[in-house]
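Asker: Structure below; questions to follow.
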Amino acid sequence: MDFLSLFIVALMPILETLIVTAVGLFLGMERINLLGAISRQSLNKLVFFVFTPSLIVADLADTITLDSLGTLWFMLVNVLITFLIGSALAWILIKITRAPQHLQSLVIGCCAAGNLGNLLLIILPAVCDEDDSPFGDSSVCSTDAEAYAALSMALGAIYIWSYVYPIMRIYANKATKDIATDGCTTRENISGETLYLHSEIGTALLLPSEGCPSSEECMYQVEVQSTGSEGKVMFLEKTMLHLKKLIGHVDLQKLFAPSTIAAIFGFIIGIVSPIRKVLIGDDAPLRAIYSSASLLGEATIPSMTLIIGANLLRGLKGAGVGPALIVGIIAIRYIIMPSLGIGIVKAANHFGIVGSDSLYQFTLMLQYAVPPAMGVGTISQLLETGESECSVIMLWTYAVATFSLTLWSTIFMWLVS
């Protein structure tokens, strides 16, 4: 297929998403107020507790098998790589732009966590349904696309609460500290959460810590400084120390969100053949349970898209974010990361890790090109930092996503077809 035909195929689902998002924005306006704060919160709870888990468990149970895990395992690694690269680039952006402390956690969240939920659920099946789709039979393609999108959503939810949330929490707590830290001279420093980011994720960009979480760690840092010049303290030891600190900030209650639990059940149903035969299939005795979950899951995409539109409305009224930060986040999410994603997926394909499925490769590449996850806004509200600024960033990034997603989807399809 020529590039123009692929562009048209990629454009259709983006336009559908844009229209539904515009409807949500319209319904959230004060004069209409059908998606006001209270209504939006109620719909958000339905999506979080009912619609999304139903969609994930239904799609994964229907499509995931023990054989398919031989290929799909790389998606777990690929999504993690997107989070690691995004957070590393965010750290660089913070240093270049000298972002205010109260916005640093927000910048990291927006660069690290991508919207792996409703956008992929819209784009992938819609691309398969197009007459000129490069991915072959539409029925098989749509089934696989829903599974890939559901797995992406589940992995995104897990990594947001196990990786992004602890890092944002550390930076948010650091921003709220009014007492200057000076080594380990005060008790306030002992309780401060001021660890730097990239030693926690295992990169070589080490910065000196501004505070000490405990007196034992203070002594450890003194030992590190005194013996570092002699080469007796290994980099791995320091990395493990701060990795333990990062793990200590993981909130297990938030990690095991409904979508995470649904993904676990979806994998169990799909992999364990006896359970699968009872729930899935025309002759399954308990097929009504699966059908009910699938029916509820169909409400996920329109509901989430409407919520996004209503949330973006707040960005029109917000301020306080410098143009340099917005441009930097847009450049990271829509230029640097998709470019790196192509190289990573192509390298994985070269070494035979991802197989020859063009739709699967397209999905892996697309995970690098999506806008920030709306869950970042939820975390900002929980941490009570950068809430209004988050709406502004989301507004601009999602506005640009209309054009960037179309372009990158076209490029990705052209590369894998």
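Note that Cβ sites are derived from N, Cα and C of the backbone, with glycine treated the same way.
For reference, TrEMBL lists these features for the protein:
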TRANSMEM  6-26  transmembrane segment
TRANSMEM  46-66  transmembrane segment
TRANSMEM  72-94  transmembrane segment
TRANSMEM  106-127  transmembrane segment
TRANSMEM  147-165  transmembrane segment
TRANSMEM  255-276  transmembrane segment
TRANSMEM  288-313  transmembrane segment
TRANSMEM  325-345  transmembrane segment
TRANSMEM  365-383  transmembrane segment
TRANSMEM  395-416  transmembrane segment
Asker: Would the transmembrane segment (365-383) and the transmembrane segment (147-165) count as touching if the test is at least 3 Cβ pairs under 8 Å, pairs 6 or more apart?
Answerer: yes
Asker: To the transmembrane segment (147-165), which of 72-94, 288-313, 325-345, 395-416 is linked by the most Cβ pairs under 8 Å?
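Answerer: Looking at each of 72-94, 288-313, 325-345, 395-416 in turn, the most contacts to the transmembrane segment (147-165) are made by 72-94.
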Asker: Quick check: do the transmembrane segment (395-416) and the transmembrane segment (106-127) share at least 3 Cβ pairs under 8 Å, counting only pairs 6+ apart in sequence?
Answerer: yes
Asker: Could you pull out which residues elsewhere in the chain have a CB under 8 Å from any CB of the transmembrane segment (6-26), counting only those six or more residues past its ends?
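Answerer: Sequence-remote neighbours of the transmembrane segment (6-26) are 32, 35, 119, 122-123, 126-127, 130, 132-134, 302, 305-310, 312-313, 398, 402, 405-407, 409-410, 413-414, 417.
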Asker: Do we see three or more Cβ pairs under 8 Å linking the transmembrane segment (255-276) and the transmembrane segment (72-94), pairs being at least 6 apart in sequence?
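Answerer: When sequence-distant Cβ pairs are counted, the transmembrane segment (72-94) does not touch the transmembrane segment (255-276), since fewer than 3 lie under 8 Å.
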Asker: With the transmembrane segment (325-345) as the reference, find which of 72-94, 106-127, 288-313 contributes the most Cβ pairs under 8 Å.
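Answerer: Most contacts with the transmembrane segment (325-345): 72-94.
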Asker: Based on Cβ pairs under 8 Å, which of the stretches 46-66, 106-127, 288-313 lies most in contact with the transmembrane segment (72-94)?
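Answerer: The stretch with the most contacts is 106-127.
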